[in-house]
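Right, one structure below, let's go through it.
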Amino acid sequence: MDKLTIADREFQSRLFLGTGKFGSSAIMEEVVLASCSELVTVALKRVDFEMDTDNLLKHLQHPQINLLPNTSGARNAKEAIFAAQLAREALETDWLKLEIHPDPKYLMPDAIETLKATEELAKLGFKVMPYIHADPVLCKRLEDVGTVAVMPLGSPIGSNKGLRTIDFLEIIIEQSKVPVIIDAGIGSPSDATKAMEIGADAVLVNTAIAVSENPVMMAKAFKMAVKAGRIAFEARLAKVNGAATPSSPLTAFLD
Amino acid sequence: MSFTNIFDTQKWDETKNAIYNKTSADVEKALLARRRTLADFKALISPAAAPYLEEMAQLSSQITQKRFGKTVQLFAPMYLSNECQNICTYCGFSFNNRIKRKTLTESEILQEVKEVKWQGFDHILLVTGEANHTVHVDYFIKAIQIIKPHFSNISIEVQPLEEEDYGKLKQEGLHSVLVYQETYHQEKYKDYHPKGKKSNFKYRLETPDRIGKAGLHKIGLGVLLGLEDWRTDSFFCAMHLHYLEQTYWQTKFSLSFPRIRPAEGVVPAEQSINDKELVQLICAYRLWNEEVELSMSTRESESFRDNIFKLGITTMSAGSKTNPGGYSVKEESLEQFEISDERTAKQVAEIISSKNYEPVWKDWDRTFQ
């Protein structure tokens, strides 16, 4: 299996995780370890740097785990940039999952503010991974301003509906010069496999694992599913044929 | 345009009849619906839905987990003042009640802050009565300035204010405003609130609009369950929420479920809501609205609270004192209402953990204004 490179960092695992919604930080830690994920995203708003009541970070202190702070809660570019700077200082990483959703109901990403913030943050030296709609033009615009990856959604966040935006994801993957990580909506291991089969560089999963009856087992299932999908992609899937192949082809007369 | 325009087109009795005429077929249709409408909500809060309670609870639990995960957000109320110019016939702070009145000074607020912080809280709700000459917007600004360095998330539950004042408080770092209509029955509202600024039904009804226009992050709505028919009142509240969500699309919303118990003697017993009905109401809200926060106070008993968060509640207060200065002084004679769950915040958090849910103390950051 090919290694994944984002910015200057190599990843063995193409499964990224979210850390919210777990019944306890201890279970979250077990899940992260079982998944073999090397990149986990943490909401800045959930981290308490003064008190240790939540002790979220303590459970993520393993050498192979890289933290990807996110700006969930930001409603515009200004707030996101401010949060990013705070996260960089507090967590000592310039990696950032940029989330700007002014709509608290469906948490839909704001394309305009996200583009603005990505440009600013890239200039400030951040490795920006923006959460966006599956919008191929936006992806190219983000590339132009220095994004290190794009994270288009498969369906509304937390919905477990799978790859509802697949037609646009395929265009994004075809056109993209930066890694494409499918984020949001992946509800089952088969969704993750599908995402990898169509050529996504990685997937980010949270709800489907955190809310399952057995999160640790589900993490293992996702790990295998992502691997299977990636290997299938590298092996090049046989084409799906809508019609039977005629035994007397139209060009036979040329022989 | 405000909610009044919509409210005025609705007739209480017609709405009530529509709810009470819902059938089990309506309930089943509502349970099967992919996206539930306000009409479905009517069916789910109707008496016809009572036999479907377990099914509703199962669905509600799943939907809540999908959105909120296995977590419960904890917060503490802090009473800043019990001075009040209103007469509310059901309230301990009512103007005509001969109790000792108290408004916390700056140093007293700071003392309370220390106590609440010590319990582990990072989200705080500031509560007052309505005494506009002493507890006004400048008082709130000062209070927020004192509290802000210590808490990530500040909410208020105080008298309705003007849009401009909400804007000022937002500038200071206020996150959310809770304002309960108490009852959407206009005539009954007048009976329960005979005197004071609060007796103006429409001014209160339009308060969430003013909060929305001022751009606060979250608005909390609610009905004081038991003042009128809880089903009809809750339907109006849902309608209010629906209007607000469509109008102020950048705002988050929460609902609370304060209920008056028949023992308190202020309301007719037949209007009170029992435990089963309260669970039905909570699940009905969740089935109809997957994203709204549902909040539960310490008015409810330990056993009720220990079981309800799995069914749809996302936010709980704990270790609460409902008298000004209650965390740092022993005296408890000035309470607004009697606490039923008297356990400490730590004990409540332990119960939540023991049920494989995570108690969340911090879910906001001062970075986000």
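Please read every residue number as a count from 1 along the shown chain.
Keep in mind that glycine also has a Cβ here, set from the backbone N, Cα and C atoms.
Residues or ranges marked as domain 'Thiazole synthase ThiG' in TrEMBL: A:5-249.
Residues or ranges marked as active site, schiff-base intermediate with DXP by TrEMBL: A:Lys97. Residue environment of A:Lys97 (active site, schiff-base intermediate with DXP) contains 28 other Cβ atoms, counted within 10 Å of its Cβ in all protein chains. Mapped onto three states, the DSSP output places A:Lys97 (active site, schiff-base intermediate with DXP) in strand.
Taken from TrEMBL, the feature 1-deoxy-D-xylulose 5-phosphate binding site applies to A:Gly158, A:Ala184, A:Gly185, A:Asn206, A:Thr207. In the three-state DSSP scheme, A:Asn206 (1-deoxy-D-xylulose 5-phosphate binding site) is classed as coil. Taking the Cβ of A:Asn206 (1-deoxy-D-xylulose 5-phosphate binding site) as reference, residues of its chain lying under 8 Å away and at least six apart in sequence are, in sequence order, A:Leu17, A:Gly18, A:Thr19, A:Gly20, A:Lys21, A:Gly158.
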Residues A:Gly158, A:Ala184, A:Gly185, A:Asn206, A:Thr207 [recorded 1-deoxy-D-xylulose 5-phosphate binders]: greatest CA to CA distance in Å: 9
For A:Thr207 (1-deoxy-D-xylulose 5-phosphate binding site): intrachain residues, at least 6 apart, with Cβ closer than 8 Å: A:Gly18, A:Lys21, A:Ile157, A:Gly158, A:Asn160, A:Gly187
Rounded inter-Cα distance in Å - A:Lys97 (active site, schiff-base intermediate with DXP), A:Ala184 (1-deoxy-D-xylulose 5-phosphate binding site): 13
Non-site residues, in chain order, whose CB comes within 8 A of the mean position of the CB atoms of A:Gly158, A:Ala184, A:Gly185, A:Asn206, A:Thr207 at 1-deoxy-D-xylulose 5-phosphate: A:Gly18, A:Pro156, A:Ile157, A:Ser159, A:Asn160, A:Asp183, A:Ile186, A:Gly187, A:Val205, A:Ala208
Cross-chain proximity of recorded positions to B (CB under 8 Å), evaluated over A:Lys97, A:Gly158, A:Ala184, A:Gly185, A:Thr207: A:Gly158, A:Thr207
Same-chain residues at least 6 apart in sequence whose Cβ lies under 8 Å from A:Gly185 (1-deoxy-D-xylulose 5-phosphate binding site): A:Leu153, A:Gly154, A:Ser155, A:Pro156, A:Ile157, A:Ser159, A:Asn160, A:Lys161, A:Gly162, A:Leu163, A:Arg164, A:Asp191
Neighbour count (Cβ, 10 Å) for A:Ala184 (1-deoxy-D-xylulose 5-phosphate binding site): 27
A:Gly158 (1-deoxy-D-xylulose 5-phosphate binding site): tally of other CB atoms within 10 A of its CB: 25
